[in-house]
Amino acid sequence: MSDVSKASLPKAIFLMGPTASGKTALAIELRKVLPVELISVDSALIYRGMDIGTAKPTASELKAAPHRLLDILDPAQAYSAADFRRDALAEMAEITAAGRIPLLVGGTMLYFKALLEGLSPLPSAEPEIRARIEQQAAEQGWDVLHRQLQDIDPVAAARIHPNDPQRLSRALEVFFISGKTLTELTQTSGDALPYQVHQFAIAPASRELLHQRIEQRFHQMLASGFEAEVRALFARGDLHTDLPSIRCVGYRQMWSYIEGEISYDEMVYRGVCATRQLAKRQVTWLRGWEGVRWLDSEKPDQARNEVLQVVGAIAN
């Protein structure tokens, strides 16, 4: 698409970054001075009743700056990147029609990628193939199937943990149905996003600072009642660790503690480590991201002003 064609498209802003980087605070500040409406891009914030462990914006923050695509699902439900793209496009169209600019804020990079580049259609599930995969897993174990996936699709295998049967089964199923790997299919883009997008990433200047913020925030969550929040989910009886909601960072570790699998101290250690690993993956995505402007979260006023310099002109 030519620069002239891009300039005629409606505007949108991406505010991306690793967990605990200050994205929400900056987005709320920007909403005070720009004609923007916020859309959450977070695979954990979609779930109702999961507030503390996801660092969901507080009631007062949401009153000042409402977020769309927040609290839209029960934790028993699944939600795909394709679901997100469909819902985000609808919200963006509504915001644009009202004469305002969509500001998409979050850290689920797969959602941002799906929205920006589109998705190639994946084959629908086939119960017979899924049953065959699950039978093999029951007989030989998921570790064997994970090694099988390593031979078929090493990129997907590196991303999918052997203890994640839902995603592991789906990756194998896609290959058995289509003859193409999940990686091949997801690298084939669909319809590109019909917006002129200004992309920003916010993070501390050093990894050590980010690690400190992550550890501090995890302890703040514990002090704010995170254990009670997960115990309430556990007590429902219909949730389990195969669900995407309970596999969220922090929740999986707290669930293991509640089930008696690990000690409290081990839960804290694993929770902090898992959050740091998530942040590392997010930063790795962003370092390879084209057209992104980096902001220093340790200098919030400067970060805000940098966004305003770029976006201010298009917002008037």
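Every residue, even glycine, has its Cβ placed from backbone N, Cα and C.
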Ask   = For which of the residue intervals 42-45, 130-133, 158-161 does Swiss-Prot record region 'Interaction with substrate tRNA'?
value = 42-45
Note = Expected hit for region 'Interaction with substrate tRNA' in Swiss-Prot across 56-60, 166-170, 186-190, 296-300 is 166-170
Ask   = Any idea which of 61-66, 247-252, 289-294 is down as region 'Interaction with substrate tRNA' in Swiss-Prot?
value = 247-252
Key: THR19 (ATP binding site) and ARG130 (site 'Interaction with substrate tRNA'), distance between Cα atoms, whole Å   = 34
Remark   = Quick tally, other C-beta within 10 angstroms, SER21, THR108; top of the recorded positions is SER21
Key: Chain residues outside the region 'Interaction with substrate tRNA' (166-170) and at least six past its termini with a C-beta under 8 angstroms from it   = 125, 130, 133-134, 137, 142, 145-146, 149, 160, 182, 242, 244
Inquiry  = Name the residue among the recorded positions LYS23, ARG130 whose Cβ has the smallest number of other Cβ atoms within 10 Å.
reply    = ARG130
Query = Near the Cβ of THR24 (ATP binding site), how many other Cβ atoms are there if near means within 10 Å?
reply = 23
Note = Using a 10 Å radius on the Cβ of ALA20 (ATP binding site), the other Cβ atoms enclosed count 25
